[in-house]
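Feature annotations, reproduced from Swiss-Prot:
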TRANSIT   1-64  transit peptide
REGION    67-143  region 'Disordered'
COMPBIAS  69-86  compositional bias 'Acidic residues'
COMPBIAS  89-110  compositional bias 'Polar residues'
COMPBIAS  118-130  compositional bias 'Polar residues'
TRANSMEM  257-277  transmembrane segment
TRANSMEM  301-321  transmembrane segment
TRANSMEM  326-346  transmembrane segment
TRANSMEM  364-384  transmembrane segment
TRANSMEM  427-447  transmembrane segment
TRANSMEM  474-494  transmembrane segment
TRANSMEM  514-534  transmembrane segment
Amino acid sequence: MQLPAMSCSPSQSSAAAAAAAYGCCQRILLASTSLPATGRPARLGLKLRSTHSLQIRNRRFVCQAMTETEPDGDGNGDEEKEELGDDASSPSVDSVTQENGSAESETNADNTKDETVNTEPLSSSDTVQNIDGDATPASDAQENVEVVDVAVGSPLPGMKQQLDESVRIPKATIDILKDQVFGFDTFFVTSQEPYEGGILFKGNLRGQPAKSYEKITNRLQNKFGDQYKLFLLINPEDDKPVAVVVPRQTLQPETTAVPEWFAAASFGVVTIFTLLLRNVPLLQDNLLSTFDNLELLKDGVYGALVTAAIIGVHEIAHILAARDTGIKLAVPYFVPSWQIGSFGAITRIVNIVRNREDLLKVAAAGPLAGFSLGFVLLLLGFILPPSDGLGLVIDPAVFHESFLVGGLAKLILGDALKEGTKLSINPLVLWAWAGLLINAINSIPAGELDGGRIAFAMWGRKISSRISSLAIGLLGISALFNDVAFYWVVLIFFLQRGPISPLSEEITEPENNYISIGVAILLFGLLVCLPYPFPFDPSQLTDFDL
């Protein structure tokens, strides 16, 4: 074998000293990697961060083992340190002194069994040689080092896979996060574990969640800039706060093959057609004759405009609230429906929402505006006489389909509302009712509907997911008897079932006034959807009903 070239005079004794010096290095490694109880070689996953070197000090060869290892937690570290200390105290282990001369460039034949001294750090292509002679690739040995290899995929609920390669979060970064980003004044970390696209930290939250989140975020930006994103969430397993840090590159917005504006425009054109079709009773009875009688669609313009106005106000309110809270919305997709004209619009949130209150503001703004305009128009329809003096002749039994509309009809029309007696009303009633129904079905607390987001913002992820499952189940049962419910539950299941993307900080609850608005919206939507069970004519009450 060859030793590193030294500038010293050759002699046989110096060569023997060099060989003995390298032997001492081997014994130090043996002492540091042997199991203390049995003396057997330890199969530990190690990462050698330095190397063995030969140094010249005052004409002496000094062999130093400068290894820094990270053993697995199964070994007894204290006993290993004691054994290493005993060996290091022996002069035969620490150093070998040669008074005259220096090492030759090559060793004698007696030292041919020794291995070459590695004077360079291990590279990723090197292998780690175990004491018992088994060679393990360095890439396998590094798996036991505390370096997190994050799997490609959804970093958090609601996030989509965007990366083609995995993201590596080094141990040094995790240590900085634990020791310098988090702290006793914000979030005291007790443990951490890989969490899909990042690292989940468990611990104790200190102070108000919103203020603690702001402090942690500022420290994170000071250390790493915009490289990482912090989420402060509730662990659904134990309902305790957890902090999740993920690389921002895993949070890239989802891209689509078809431009959003093109798809949205296509859906919008079809929705206009179904809104017109919905307000032409002659075509409703025979849909196949629609294309042969397109001129009849002009009769549905006024009804389509009223319903579209209610839907439009709903979406405009979403946009204004989102602009006020810094939330970015995608292009709305209007969903056509031949039964009621439209199911409203599907609007994605494309950035990360700051907290639950901001989500509640945006989610509640649409139904609040839509319900307000629809309710006013419904009242006007009951109060104002038909413009042509004739109006629209209907069977009063239709009002039993909605508790809200049936109650208003009974309150305003009074004795004129009788079972089995035809009634002439202003068509504005039906137009406004359709707009209210569209807002109501979007207020169902399920998935990523407005109602689902409202429930999430008010009660958190765990409770809202249970409410969502219950709502979808009840909607599925009603789908057996109602075709509108059938198509709506199918649409929710395939397009809107969630989960809702994580918020930056999900712990702080909204203010009570916003919660009151959210509850009112859910109740109002329920009144629109539930049937009116009471007869309109008191004379038709039976003894059983009384």
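Cβ coordinates come from backbone N, Cα and C, glycine included.
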Residues from the same chain, set at least six apart from the ends of the transmembrane segment (427-447), whose C-beta lies under 8 A from its own: 278-279, 302-303, 306-307, 309-311, 314, 340-344, 366-367, 370-371, 373-375, 377-378, 380-382, 384, 386, 391-392, 394, 402, 404-405, 454-455, 464, 467-468, 471-472, 475, 484, 488, 492, 496-498, 521-522, 524-526, 528-529
For the transmembrane segment (474-494), give me same-chain residues lying six or more residues beyond its boundaries with a C-beta closer than 8 angstroms to one of its C-beta atoms, as numbers and ranges. 335, 337, 339-340, 343, 441, 444, 446-447, 449
Which residues, given as numbers and ranges, are at least 6 beyond the ends of the transmembrane segment (364-384) yet have a Cβ under 8 Å from it? 306, 309-311, 313-318, 320-321, 405, 408-409, 412-413, 425-433, 435-436, 438-439, 442-443, 450-451, 454, 514, 517-518, 521, 524-525
